[in-house]
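Visitor: Here's the feature list from TrEMBL:
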DNA_BIND  18-57  DNA-binding region
BINDING   GLY92, VAL93, GLY94, ASN95, LEU96, GLY97  NAD(+) binding site
DOMAIN    81-180  domain 'CoA-binding'
Amino acid sequence: MDSEHTKIPQATAKRLPLYYRFLNNLHGQGKLRVSSKELSEAVKVDSATIRRDFSYFGALGKKGYGYNVEYLLSFFRKTLDQDETTKVALIGVGNLGTAFLNYNFTKNNNTKIEVAFDANHDRIGEEVGGVPVQHIDDLEKHMDGIGVAILTVPATAAQGIADRLVEAGISGVLNFTPARITVPSNVRVHHIDLAIELQALVYFLKHYPLNEED
Ligand SMILES: NC(=O)c1ccc[n+]([C@@H]2O[C@H](COP(=O)([O-])OP(=O)(O)OC[C@H]3O[C@@H](n4cnc5c(N)ncnc54)[C@H](O)[C@@H]3O)[C@@H](O)[C@H]2O)c1
């Protein structure tokens, strides 16, 4: 029984995965402490909000000291793990989709790809990474309990499939296609454009070079 976690406001809880990812990176780099200013710049949340959020976790940064990365990470892990597993569907079992299915998302995460869809009849009935592939025409038959979808179809197919996913009651879409899809305001879409990410990395390397001692 962990009653203190239930007191976290929803808005704070929504920022947890953001904090978690950044802190995990810092931890991987061997950093022990992080200031709210550093965090604020990285996750684009103002530092007053971060300080308030962290006060719910009992993590009080000491002046000029910052927060203990290890402590925050272990707290986040516990809190995020309390959530039930989100069931995910993947649409488009091509190059990218196949790679995702073979990658075990459940390792550190409370998400699980339960079902995959493709338009290519040769792929139907197959299991890729232990996930059954169904025909896209049968999408609606297999969407029970699925909250999130990963889109790895050609850009031209993205909007039509997004419309059907919304109709089927999805609440989030992770869109890997270059298409900018339109959904109702109660559905969250995250676009992941690898070309933009790569450009951003090159930009940062040029304008914010890392010092060796960092
Ligand atoms: N491969 C990459 O590295 C990469 C990187 C970034 C973004 N993307 C984007 O991700 C998407 C997928 O790329 P890919 O390389 O895996 O392509 P791909 O052609 O290998 O795979 C697309 C898959 O979608 C299926 N498909 C086509 N129409 C469909 C429909 N209406 N319903 C269901 N399935 C359908 C195809 O049968 C195929 O298996 C593209 O939009 C691409 O621009 C790919």
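Cβ from N, Cα, C; glycine included.
A TrEMBL annotation is a machine prediction, not a hand-curated record.
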Visitor: Helix, strand, coil: count each for the residues of the domain 'CoA-binding' (81-180), based on DSSP.
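Guide: Going by DSSP assignments, the domain 'CoA-binding' (81-180) contains 36 helix, 31 strand, 33 coil.
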Visitor: Of GLY92, GLY94, GLY97, the binding-site residues given in the record, which has the fewest other CB atoms within 10 A of its CB?
Guide: GLY94
Visitor: Centre the Cβ atoms of GLY92, VAL93, GLY94, ASN95, LEU96, GLY97, go out 8 Å, and tell me which other residues of that chain have a Cβ in range of the NAD(+) site.
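Guide: In sequence order, the nearby non-listed residues are THR98, ALA99, PHE100, ASP118, THR152, VAL153.
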Visitor: Counting other CB atoms within 10 A of each CB, which of the binding-site residues VAL93, LEU96 comes out lowest?
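Guide: Minimum Cβ neighbour count within 10 Å, taken over the binding-site residues VAL93, LEU96, occurs at LEU96.
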Visitor: By a simple count, how many Cβ atoms lie within 10 Å of the Cβ of ASN95 (NAD(+) binding site), its own Cβ left out?
Guide: 8
Visitor: Could you give me three numbers for the DNA-binding region (18-57), the DSSP helix, strand and coil residue counts?
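Guide: Its residues divide into 29 helix, 2 strand, 9 coil.
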